[in-house]
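A.B. asks: Pulled the feature table from Swiss-Prot, pasting it below:
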BINDING   8, 11, 91, 137, 140  ATP binding site
BINDING   8, 11, 91, 137, 140  CTP binding site
BINDING   21, 23  Mg(2+) binding site
DOMAIN    228-329  domain 'HD'
């Protein structure tokens, strides 16, 4: 029995990155030998065991053979005669097909170390094409390591295009698509994930609402980058700089979906694109089974992001109605989330990346003023039932009006 550290732990150690999870491969052992050594079996489809002390995963060396469609259509063979090289060959990328023995020696039969140094994401073998989920995994790795200047090998991108054209991605379940997307959205450069998917044709298949934005022009006066798809990825990049929150990043990604519905004869203007985009957000989220809290924020951002941009000319009544619309009284975090997504929208434009966004500050300040109006005083004044809410709203509007006159006066007044 020989035990090797494999995959991501070896890769990240060689890159000088923190190692989070460790996976191990056991060569020359049977399931019974693992059980006798105190390991706990957890894998149903193939033998995976938990170490009795560390609870890290130890998998018996195995091979995989395509036996059906999609990413689940594989037959696994695990036995003592499966070599380490054979186990590593089934992995997706050469940089993940690395192992380290107990003496610290690196086993690298597929030149993963060379590709690490060259900053290349390259598939191990033609078997890559048998698993459509790997298209998304490569896109995610490209996003994860974009700050290290990794790129996808030409032959790997070509294979990803072939897989997409052959309809392989249609076998992916919504849950798996969303899981990879969720992980990609939490990387330092989530926009790279969607750019890679577009480069291989997968964006049109998996995210048609986003793909439809490319080639849709916006007024050059407001959008020097012109292309709405390009702007969308720029705003996502900016959102990633402004916030680590998944919901903020996802909402930013979806903020301009409504522009994909604008008739060509109305280009480059997109009046009403915010409310129009709400149904597309709903459609995308329903198809991919996006969590409800992410969906709800994305719908609000789509509908109201342009309103935030016009904050200086908003009436106090409109500002308080906005807080009502986003349910800020029960979910106050939404004020900050919408401020961040609106800022990402403005700064996610060519030449505006370093711009100040005072509207975000004003929105936050107005919220502090509005929520500081005490409900207790309204009740003590004798108001009852629906009168309480009506009076509370009046007082909130008055408080915001007083604040706005001092801090954010209407430029037209």
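Even glycines carry a Cβ here, placed using N, Cα and C.
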A.B. asks: Apart from 8, 11, 91, 137, 140, which residues in this chain have a Cβ no more than 8 Å from the mean position of the Cβ atoms of those residues at the CTP site?
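C.D. replies: These residues sit around the CTP site: 7, 92, 93, 95, 96, 141.
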A.B. asks: DSSP secondary structure for residue 91 (ATP binding site), reduced to helix/strand/coil, please.
C.D. replies: coil
A.B. asks: Please list residues from the chain of residue 91 (ATP binding site) whose Cβ is under 8 angstroms from its Cβ, counting only those at least six apart in sequence.
C.D. replies: 7, 97, 124
A.B. asks: Cα distance, residue 21 (Mg(2+) binding site) to residue 137 (ATP binding site), nearest Å?
C.D. replies: 17
A.B. asks: How many whole Å apart are the CA atoms of residue 8 (ATP binding site) and residue 21 (Mg(2+) binding site)?
C.D. replies: 8
A.B. asks: List the residues of the same chain that sit at least 6 positions away from residue 23 (Mg(2+) binding site) in sequence and have their Cβ under 8 Å from its Cβ, in sequence order, or write 'none'.
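C.D. replies: Within the chain, residue 23 (Mg(2+) binding site) has Cβ neighbours under 8 Å at 5, 6, 7, 8, 9, 56, 57, 59.
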A.B. asks: Which has the fewest other Cβ atoms within 10 Å: 137, 140, the binding-site residues listed?
C.D. replies: 137
A.B. asks: Looking only at the domain 'HD' (228-329), report the model's average pLDDT.
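C.D. replies: Across the domain 'HD' (228-329), the average pLDDT comes out at 95.
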A.B. asks: Please give the ATP site's span as the largest CA-CA distance among 8, 11, 91, 137, 140, to the nearest whole angstrom.
C.D. replies: 16
A.B. asks: Roughly how many Å lie between the Cα atoms of residue 11 (ATP binding site) and residue 21 (Mg(2+) binding site), rounded to a whole value?
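C.D. replies: Cα-Cα, rounded: 12 Å.
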A.B. asks: DSSP on the domain 'HD' (228-329): how many residues come out helix, how many strand, how many coil?
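C.D. replies: Secondary-structure breakdown of the domain 'HD' (228-329): 79 helix, 0 strand, 23 coil.
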